[in-house]
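Q: Following this message is one structure expressed as structure tokens.
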Amino acid sequence: MSSQPRGSGTQPGPSQSPISQRNFRYEPARSGYTSPGQYSTYSTSTADRVGCLTAVRMSAFAKLSRFTRRLVHIRQMDFEFALWQMLYLLIQPSKVYKNFIYRKRTKDQFARDDPAFLVLLALSLLFSSIFYAYALGLEKIGFFTFFLWSVFVDCIGVGVVIATVLWWVSNRFLRKVRDQDVEWGYCFDVHLNAFFPMLILLHVIVPILYPTLIDSPAFLSILLGNTFWFLAACYYVYITFLGYTALPILHKTQYFLYPISFIFMFFVATLTGGWNISRTALNFYHSRAEPHKFAPQHGGL
């Protein structure tokens with residue numbers, strides 16, 4: 001009877017090494033944002049099926065519904081924090097985006113879930129419209145028309161277009177991880193952040209100075225008025241750059257600064273050509289708010 005050496009069936013040979021039997025596979029780069037339980041539940045409404053170690057990832061529709069519900073509950077809005085954000089957008093905008101990163105780690109979203117900032121921005125547009133109504137000599141109906149255009153077209157409408165374009169560009173070309181993408185709501189928040197300093201420059205300072213210092217064909221008047229438009233555009237681009245640079249899932253965000261070069265060349269061209277941008281803009285605003293005053297008159301001889 002032949003006997004087999006003890007342990008001969010259990011000792012692996014050179015080709016049977018546990019290390020050589022491991023299956024190695026390529027793992028794509030990840031963002032590092034994981035739930036405590038290393039998995040998440042994708043929810044479209046409530047979190048009744050979620051355990052204590054599971055993070056909830058709400059759908060875009062669920063986030064929008066929650067945002068809309070809070071829009072009609074004034075007591076749930078944190079206006080004090082929204083005012084703090086507005087202040088630091090003027091003096092230290094990079095500090096504002098640190099809160100967006102904290103929100104991602106605690107609520108699994110970069111975008112704001114509190115509509116207080118949007119409400120205060122609309123109120124700012126309401127009060128700034130008073131300055132334009134005075135500078136343009138608008139009537140009551142013209143004032144409200146100007147305000148509605150400013151909110152729903154200049155702020156929200158243009159913001160939706162810009163946010164959609166940058167959302168697509170960021171996810172298509174600038175994303176360096178696969179397990180996270182840029183939220184459209186965050187892109188719209190970046191637009192609102194960049195829009196507020198522009199509002200202060202163009203909707204407060206320009207209409208105040210326009211009747212006395214800007215509304216003139218003199219070079220200094222053109223230089224002063226066009227400088228405000230140049231600064232507003234550069235500030236918008238810079239805060240937009242900061243917003244996308246704050247996302248750890250993106251790279252090559254320096255591309256967002258490239259428009260500043262074209263803005264500067266356009267600024268120099270307007271000064272060389274003697275084009276008063278403020279005059280053109282205010283005439284356009286006036287014709288939009290009170291179109292009946294700019295309608296062509298058809299009268300017989």
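Going from the start of the chain as shown, residues are counted 1 onward.
Cβ coordinates come from backbone N, Cα and C, glycine included.
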Q: With Swiss-Prot as the source, do K140 and P291 lie on the same side of the membrane?
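A: Judging by the topology that Swiss-Prot records, the two residues are on the same membrane side.
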Q: Report, as numbers and ranges, which residues of the same chain sit near the transmembrane segment (116-136): CB under 8 Å and 6 or more residues beyond its ends.
A: 71, 77-79, 81-83, 85-86, 142-143, 146-147, 150-151, 155, 189, 192, 195-196, 199, 203-204, 207-208, 210-211, 282, 285-286, 289
Q: Let me know the model's mean pLDDT on the topological domain 'Cytoplasmic' (1-115).
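A: So the average pLDDT across the topological domain 'Cytoplasmic' (1-115) works out to 61.
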